[in-house]
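Participant: Okay, here's the structure, questions in a sec.
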C-alpha cells in the first residue's frame, strides 16, 4: 500500500502539533499522578475493592437478608451453617449470624469514617492555628497535645464511656478527641513551612485575612498528608470500636457490632468455635483494606517512589557490572 | 545539657499536673458524680447530707481537688467505695502481674524483631523481608483480642497444650513452670503487636543509615560488608530504636488491658475494665494517673537517652553545651 503524503488530510499534521502543544502546556495534575500510581499498586487496588465491597453490603444489608439482626428465635438456636436458610448458622439466641455481620459492618464503617472525619476537623483547625499564628497560642495548643498524648488512650476511652454511658455518639466523640493529635502535629509542621512561602506574603499584601489564608491557601496545600493520615485513622477507629465493644463498654446489646459478637462468641466457644472466626475476619479485612489504601495514597504522593524503583534497577546493574569488571 | 534537662523535667511536671486536673474534672462531671456512688441511695436526706459532709463531698470542687492531690503526693491513692480497701495495696500486685506479662512479650519481640529487621535491611525485598512485612501488616490490622480467642480455641480447647486463662493453676501459685505455661498464649498475642512495629523501625532505621555517604566511603575503602553493617551502620541505626523503646516503656504497664481481659490475667488493665463497669472512681483515677506518670517519665527518659547517645541533637538553646 503506497500512500502519497499529499493525500493526507491537510489539517492532520498541524492538529497533531496543537494536541502535543496542549499536552505540553498541561502536565498531569497531582490527582492524575496519584491515581496513576495508585491504580498500578495491586495492594492499594485490592484494598479499595474490599472496602467498596464492605460499603456495598453494609448499605444493602436490609435487602441482602430477610432476618432482623436483633430478632431472637430460641427455636432455631445454635444452628449449623447452611441449615434452614441460615447461611452461617445462628447463635445461642437464634439470631442469624450473617445478618448480624452485615449490620455490624454498618456500625463499624460509620464509626470508622465519622471518627476519622471528626479528628481531622479538630486536628487540622488546631494544627493550623498553632502553626500559622505561633507564639503563645502555639505553646498552649502543643501542651494540650502533650497532655492528650500522655493519657493512656484506651483507659481514657473506657473511663469516659463508663462515666457518661455507652452511647454511640459518646464513643465517636471520645475516639475523635483522643486521636486528633497526630493530625494537629502534622498540619502544624506543614504550616510552619508553608507560612514562609511567597504566595502567603502576596496574599497578605493584597489584604487577605488570616483565616482566608489559612483555609483557602494553606490548608489546601497541606491536604495530601492529611488525607493519608485520615485514611489510616479509619482503620484505627474501627479497631478501637471493636475493642471497646468487646470489653462491654461500646455498642450495647440490642444493637450489634463485630466486637460485641466476638465477646459473645468467646462465651460460647465450646459450643460453636466458628462463631468467633467470622467477626474477627471482617475486622481484619476492613482494617487491612483501609491500611493498604492509605499506604497506596502515601506512595502515590511520594515523588521519590519512582526514584527508588529505578535506583534498585541501577544497583542491580552496578552489581553485575562490577562483578564482570573485577 | 543541664539546662535542657531542667526544662524537660519542668515540662513533664506541668503535663502531669494538667492530667490530674483533667482526670479529676472528668470524674466530677459524671452525672451524679462520686457522691452518688459512694453513698447508698436508700439513706434519708439528713443522713445522706451528714455522710457526704463527713467524706468532704459537699465542699467546692477546687478544695476537694487540693485534698485529693495532697493525698496523692503522699502516696495515698484513696479507698475503694465498695469494701473500703486502700487502692494502693490492691494496685501494686496487679501492676507486678502486668509487668511480668508485658516484660516477657517485650523481651521476646525485641530479641526477634531487631536482628530480623537488620537482616532484612541488607536484603530488601527478599523472601524474608516480604514475610516480615506481611507479619507487620497483620500485626497492625488484626484485633489483638480476636487473635487471643483464636489461640485459645486451637491450643487450649482443641489441642489442650496450654491452659485457657488465668495466671496460675489453683493451688500451684509460685510454680514457675506453671506460670510459664500460662504465659505462652498471651505473650504470643502481645508479641505480634510489638513485633510488627519494632521490625519496621529497625529496618527503616538501618536503611536510612545504609544510604549515608560515610557508608559509601567505607565500602569504597574496601571495608568488608559485614563490618560495614555491624560496625559502621548498626551503631547509628540503634539511636532512633532506643528512643522508640523509651517511648514504649509505659506500654509495659498500660498496654495489656485487652489481652488481660481475654486471658483473664489478673493485671492492671483487666482490673481497670472491671472497675469501670462498677464505677469505682478512686481506682479509675489512681490507675489513670499512675499510667500517665509512667508515660511522661518514659518520654522524658527517651529524650534524655537520645541526647546522651546522639551528640548531634541540638540541646535547646544555642548556648547549651552538647556533650
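Including glycine, each Cβ sits where the backbone N, Cα and C put it.
Any TrEMBL annotation is an automated prediction that lacks curation.
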Participant: Of the ranges A:83-108, A:109-134, which one does TrEMBL flag as transmembrane segment?
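Facilitator: My reading of TrEMBL: the transmembrane segment range is A:109-134.
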Participant: Can you dig out which of the ranges A:20-42, A:43-65 TrEMBL describes as transmembrane segment?
Facilitator: A:43-65
Participant: What range among A:202-225, A:226-249, A:250-273 does TrEMBL record as transmembrane segment?
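Facilitator: Feature transmembrane segment in TrEMBL: residues A:226-249.
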Participant: Any idea which of A:181-199, A:276-294 is down as transmembrane segment in TrEMBL?
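Facilitator: Here TrEMBL associates transmembrane segment with the stretch A:276-294.
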